[in-house]
Amino acid sequence: MANRTDPLAKNIRGTNPQNLVEKIVRTKIYQHTFWKEQCFGLTAETLVDKAMELDHLGGTFGGSRKPTPFLCLILKMLQIQPEKEIVVEFIKNDDYKYVRILGAFYLRLTGTDVDVYRYLEPLYNDYRKVRQKLSDGKFSLTHVDEVIEELLTKDYSCDIAMPRLKKRWTLEQNGLLEPRKSVLEDDFEEEEEKEENEGIADGSEDEMDQRRKSPERERERDRDRRRDSHRHRDRDYDRDYDMDRDHDRDYERERGHGRDRDRERDRDHYRERDRDRERGRDRERDRRDRARRRSRSRSRDRKRHETDDVRDREEPKKKKEKKEKMKEDGTDHPNPEIAEMNRLRASLGMKPLRD
């Protein structure tokens with residue numbers, strides 16, 4: 001079956017039962033050696049043997065967040081989804097305390113609110129010590145009733161988010177649950193019966209009647225007092241639960257604000273970086289334009305100078321050619337009359353006069 005959920009398993013709270021464990025924790029469990037070697041092919045019957053071998057409980061630990069065998073068996077139970085009767089037998093098992101906690105943890109994840117209170121509250125009377133592995137890999141001692149208290153009042157246990165649980169007094173008002181009875185109430189009644197028997201043996205009937213009446217009144221007062229104390233305790237549990245939930249919400253809200261501030265800061269940083277890049281591109285573009293203008297002006301000046309040099313070189317040649325031409329046609333004769341006659345003859349196409 002590998003890591004797939006049993007095809008016959010029903011959805012829990014509208015989703016695959018394995019999804020009650022967060023994906024990152026699920027992935028750590030799938031990659032763990034205990035899951036691959038010890039949990040492969042387990043059924044509801046063979047799971048009991050593995051549960052009896054547990055010697056501690058806990059979630060993930062160490063730098064790589066390795067899962068404990070307890071957490072692996074929880075995921076295996078979600079995968080195969082044992083029947084409710086088997087889970088109840090786990091909880092009622094007095095011989096193996098870790099089997100009891102395993103069943104209570106699974107019922108807290110998958111059971112209804114009424115079943116959770118009905119089967120887990122009697123475990124408040126189990127004061128046996130259990131070992132719990134902390135997140136740093138060290139062990140600490142706790143008690144079964146403290147683990148049950150954590151399951152009923154906290155939002156997280158063993159790195160798994162607990163489903164929302166209705167308040168007990170709400171279920172009592174709706175008639176789904178009866179007021180919780182303390183186990184100490186039976187001890188009080190036994191002591192009162194002993195006192196009554198001693199009073200009957202020692203005193204007269206008047207004293208017996210008086211003692212018979214007074215214990216009854218005291219018993220009623222004690223019952224009322226215990227009932228009120230239980231109700232106050234339940235309200236304290238609910239108040240602590242609400243305070244923890246509000247604290248978690250405030251923490252998540254602050255984390256959300258912090259993420260928004262980080263996003264705004266990153267966005268401003270990217271905008272400023274883009275502006276700097278645009279300024280750099282503009283400066284580079286201006287620098288190239290100035291360089292082109294300088295090169296163009298230099299080329300124009302160079303061409304102008306070359307043209308002037310050519311003109312300066314050609315003017316003496318033209319003057320020389322003009323002088324030579326004037327010598328040939330006799331227009332430069334020292335005698336003005338002869339020079340005038342030569343100009344006239346040149347215009348007529350005749351040879352010039354030399355003397």
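Please read every residue number as a count from 1 along the shown chain.
Using the three backbone atoms N, Cα and C, a Cβ is placed for every residue, glycine included.
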For the feature phosphoserine in Swiss-Prot, which residue out of Ser135, Ser182, Ser204, Ser347 does the record point to? Ser204
What does the DSSP secondary structure composition of the compositional bias 'Basic residues' (290-303) look like, as residue counts for helix, strand and coil? 14 helix, 0 strand, 0 coil
